[in-house]
Amino acid sequence: MNDIHIYVGDLLIISVFPPALNFLVLSVKHIQIQTKKDKMASQEQILREVNILGPLNEQTRKVISKEATVFLALLHRTFNKTRKELLQRRETRQAELDAGKLPDFLPETKHIRDSDAWKGAPPAPGLADRRIEITGPTDRKMVVNALNSDVWTYMADFEDSSAPTWDNMINGQLNLYDAIRKQVDFKQGEKDYKLRTDRKLPTLIARARGWHLEEKHFTVDGEPISGSLFDFGLYFFNNAQELVKRGAGPYFYLPKMESHLEARLWNDVFNLAQDYIGMPRGTIRGTVLIETIMAAFEMDEIIYELRDHSSGLNCGRWDYIFSTIKRFRQNPNFVLPDRSAVTMTSPFMDAYVKLLIKTCHRRGVHAMGGMAAQIPIKTDKEANDKAMAGVRADKLREVKAGHDGTWVAHPALASIAAEVFNEHMPTPNQLHVRRLDVNIKQYDLLNMNVPGQITEDGIRKNLNIGLGYMEGWLRGVGCVPINFLMEDAATAEVSRSQLWQWCKHQAKTAEGQTINKEYALKLLHEQAEELGSKAPKGHKYQLAEKYFATQVTGEQYDEFLTSLLYDEITTVGSPAPASKL
């Protein structure tokens, strides 16, 4: 059957297989139909003003083919305007918060929350049992090690544990492309990295970048494409059919969402993508990370918007703390103590977890627990035993609360987490645990009465984590081991946001020191000097200090560190027309 080419005016926007036509909800002046013989000319027209500004080689051209770039151009031209409007909406809501208005459950969507007539999609193949998920970046070594781990799923991360250099992003796509086809084996030095063949591999879930991030190495009509659409588009276009053929599907984690309208945008993207390749709607699944305080008030609505594609929600604990500080940073009633004092049993965190589990299970979808970021301490058995006991206690809290699974950052933690979940969750999940005892109100989600103090030691730890992470990120490393914890962007964000908040409100330390600009910059410089003196030649601590200094004085505050630093790691070259691929 011939392809159908659809135009709006003189602009060809899509070339599709006929069953895919039902996605179009467009006001068009006229539609022209061409036959397959004109396909090449049509692609050329679509790819006008589409440019690639990062280097490609023979291998990476497998994932960024001409056909894939046509799809990316379609996604950008269809959805980028809405994406920008939603980001502007975030700024409007921030202004309301700064003026003293507190978030609450939305009156206009009360009918969705109150209704028992709807549920999310049933678990897709490979997603019924997700008791242990390992997460990490998409470098080839990590991909092999993660898929060889004794876990049920692997979240391959293009977001917080990856620094979005062009090489990291495009090679990550290539590594997943090869892993799905079981051709990812490689040799590094004397060591062979090979996928296990003695069992079924964990289900693969890809995490795309958040709506706020852009991919400056790929432009459409003079604008950078959304990082979300770039990551999703390449992974879906190249792998969706292959994943289904192998008994799974195109599954995603969706980060940093702030409202159900942002979930609606993802759902629209999913529908168009499936229609484009002739795949039944509902094949894609998306698990939403509830890692912003605003999204916590819209959990039902987020599942509802994605209901045909929903595979549940996840507790993104560190980003949630970061978001809470960020959104209420101007309010002196929301000042938190040292990071170490803010735990999952703190009132606002406990309420968010309970509401998430209750909401998910009422709607028939998974409620995933948070990250265990510990790294085994091989040189100190006593310290390692204490750290692993902490992991066990955290996972026990999660499974008893009703979570259906949990995250680990290191393969060595998988057996500990599995032991706890296997003992207390003999079934594939706990969707039957309804938590009818839970009744969370606005106050509960905003109750930040957390016992504890602000100490100089806590400030220095925040500085060490923030500087250490930023220094690694500036070198293209998005997942940095610091003090036997695997730190990613979320923990660095908490660190700098707390410092900003303490400076802004002139908080006092337990030692009686007022935290002001001079004091913060003094400690920052001391920590940067100390870290730099111990680092190998070529480190980036001076550059990290320069950027961090703008973020800790209670004055300038950027929405995301990653956006602030992004231009430092771009390698934008001369535009290469995508039509020449």
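Any Cβ shown, glycine's included, is placed from N, Cα and C.
The model shown is predicted, which means the values in this text are computed figures rather than measured ones.
According to TrEMBL, the domain 'Malate synthase N-terminal' annotation covers 49-111. According to TrEMBL, the domain 'Malate synthase TIM barrel' annotation covers 203-447. TrEMBL lists Arg207 with the feature active site, proton acceptor. Per TrEMBL, the feature domain 'Malate synthase C-terminal' maps to 453-569. Look at TrEMBL and you will find Asp488 tagged as active site, proton donor.
With DSSP classes pooled into helix, strand and coil, the tally for the domain 'Malate synthase C-terminal' (453-569) is 71 helix, 8 strand, 38 coil. Around Asp488 (active site, proton donor), the same-chain residues six or more apart in sequence whose CB sits under 8 Å from its CB are Asp160, Ser161, Trp318, Tyr469, Gly478, Cys479, Val480, listed in sequence order. Per DSSP, the domain 'Malate synthase N-terminal' (49-111) is made up of 41 helix, 3 strand, 19 coil.
Long-range Cβ proximity for Arg207 (active site, proton acceptor), meaning a same-chain Cβ under 8 A and a gap of 6 or more residues, is found for Thr135, Met155, Ala156, Asp157, Phe158, Glu159, Phe252, Tyr253, Leu254, Pro255. DSSP classifies the residue listed as 'active site, proton acceptor' as strand under the three-state reduction.
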